[in-house]
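Just below is one structure, and these are the notes that go with it.
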């Protein structure tokens, strides 16, 4: 799998896809959606789709695809290579979302939470398959959040397609299992070949599973936190585990626009037009304070 685009710039997202098998342009197809790396505090999250004609579903099942979490890394690599060999009837596509993208989405002024990001990424991949000309008739999705709500949303988005959203879909439907293998192979490769742009001293890659409750992962985070700049971009700053370590290990930051003289928040809009005295002190901007400048009330 060629992840060179991500390796050149691992701050955003990248999409990869196989060639579309000609048979998938003609015959009705079944498509599965799954992800890898939703929970870890380290590394990217990868969403993947896999699809094949309904008439060849038994051939996909014959590959012995299974939930990627039940397979070893070598088994996943072997099955993905087999799907690549069977490219005359199996197609796939994936979206790799960097830790930096996830963190900036979740911590932005307008919050974009992980569920919304996941839903939109999955929807985008289904639309990508349709745009490529794949004749999608059925879609099976491993749920994020309530399956009923998610299914209703997807069904409204794709009214001409039969949509099924289930928990543990990767263990129930072979086409979702195949998607989970694609996603996991891509994430494993991205993590293994991650390019650290930061100049870290004594960098080690023994960070355990990457999950927040892994002691080895926590130890790696504490070792590689900078007291001023925080973590390298390999880390999802928006995870509570990372935030807790920043609070205990890094320097406190006081922003220029921090509330200082208005602990009760902004007053009512009418107060700006009334003659009554202000109940709290409004400090001028630092530029005026440093230069000893004050508002002139009498000329």
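Cβ atoms are placed via backbone N, Cα and C, with glycine included.
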Divalent metal cation binding, same site as 34, 35 - Swiss-Prot member from 142, 188, 202: 142
Region 'Disordered' range according to Swiss-Prot, out of 227-249, 250-272: 250-272
Cβ-centroid neighbours of divalent metal cation site 34, 35, 142, 8 Å, sequence order: 33, 36, 47, 48, 122, 141, 144, 169, 170, 176, 179, 180, 183
Residue 205 (phosphothreonine) and residue 217 (phosphothreonine), Cα-Cα, nearest whole angstrom: 10
All-chain count of other Cβ atoms within 10 Å of residue 1 (N-acetylmethionine): 17
DSSP-derived structure type at residue 217 (phosphothreonine), helix or strand or else coil: helix
